[in-house]
């Protein structure tokens with residue numbers, strides 16, 4: 001999101017209806033390309049016609065025809081040479097069995113290998129792959145399908161391990177700080193004065209935010225969040241979100257009456273809504289997640305005494321809404337913008353707190369839940385995140 005020299009938050013889960021969204025598919029597809037050094041050439045189930053010369057049906061049909069021709073030819077030879085039919089019959093049977101054995105082996109050997117690989121994958125070895133995916137028959141199609149499945153499982157397993165590692169790291173830091181503060185109070189090293197208690201409270205709030213983020217992430221993966229859209233005025237709504245953002249950041253904030261400016265200790269938050277009576281039709285709670293996460297990310301990557309602007313305008317479509325969050329940070333390189341909304345794709349935030357790396361993933365999900373769009377837009381300075389919401393958001397099913 002906001003302005004990091006590197007990329008930031010992440011995504012790659014399920015869509016609003018519990019189905020896997022295209023972004024998740026691109027993650028798995030990217031994993032396949034990174035592993036093989038090339039893209040997958042033929043999607044499973046595509047590329048074979050019913051009577052393709054490479055089809056197993058065609059091969060088996062050819063086997064039957066060849067066997068009949070061999071038997072017929074040998075019988076004709078026997079009649080012309082007056083050879084006993086029983087010798088010709090035995091020879092025909094042997095020839096047919098040899099041909100059948102050859103064809104059967106060409107079918108069962110790859111199946112045995114696929115069974116071995118599938119068994120290894122079922123036991124958690126997602127690095128195994130089936131050879132022969134380049135075959136132009138049903139077995140090649142099956143091999144490609146198994147390899148695609150293994151690629152997806154490997155990507156899911158990697159993201160799961162990254163989630164555990166990141167969550168463990170994020171939990172350990174505030175817990176250690178909170179424990180140190182409380183131990184000092186218990187041991188008499190520090191007094192239980194307001195400043196010490198504020199430090200403990202700050203770490204507790206950080207833990208609470210992390211837990212809330214993980215709950216949101218769980219909703220993203222399960223796709224079970226209903227959309228409760230209603231119409232509301234944008235100015236007072238966003239003003240409240242900005243005020244909460246300043247308080248949640250642990251800063252001492254104040255609202256400059258009437259100006260729409262929220263001043264924080266090191267970053268200035270500015271709200272720009274036009275027209276003043278602008279209204280929106282959206283799920284207020286989900287939109288709060290979007291704006292709060294965008295502001296949080298923008299502030300983290302802003303310079304000291306920088307400015308973060310939240311701008312709201314009418315969209316091009318009737319009843320639609322356009323939101324922008326602009327900051328004065330270093331911005332996001334164009335080649336990295338496609339990764340901004342991936343999970344755990346964190347940049348280095350100023351002050352050393354890169355966050356959980358999940359905020360933009362959740363923002364992207366919440367926007368998608370409305371049927372809207374979120375992305376990094378061109379900006380002459382810093383980072384500019386553009387959100388568009390339709391006038392009538394689709395309901396999650």
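The backbone N, Cα and C atoms fix where each Cβ goes, and this holds for glycine too.
Here the structure is a predicted model, which means the values were calculated and not measured.
Residues or ranges marked as compositional bias 'Basic and acidic residues' in TrEMBL: 8-36.
Per TrEMBL, the feature domain 'HAMP' maps to 105-158. DSSP places the residues of the domain 'HAMP' (105-158) in helix, strand and coil in these numbers: 39 helix, 0 strand, 15 coil.
Annotation source TrEMBL lists domain 'Histidine kinase' at 166-393.
The region 'Disordered' feature in TrEMBL is assigned to 1-48.
Annotation source TrEMBL lists transmembrane segment at 60-79 (among others).
Tertiary proximity for the transmembrane segment (85-104) is limited to same-chain residues at least six positions away from its ends with a CB under 8 Å from its CB atoms, namely 59-60, 63, 66-67, 70-71, 74-75, 77-78. Summarising the annotation, TrEMBL assigns transmembrane segment to 85-104 (among others).
A Cβ distance under 8 Å defines the sequence-distant neighbours of the transmembrane segment (60-79), meaning residues of its chain 6+ beyond its ends; these are 85, 87-88, 91-92, 95-96, 99-100, 103.
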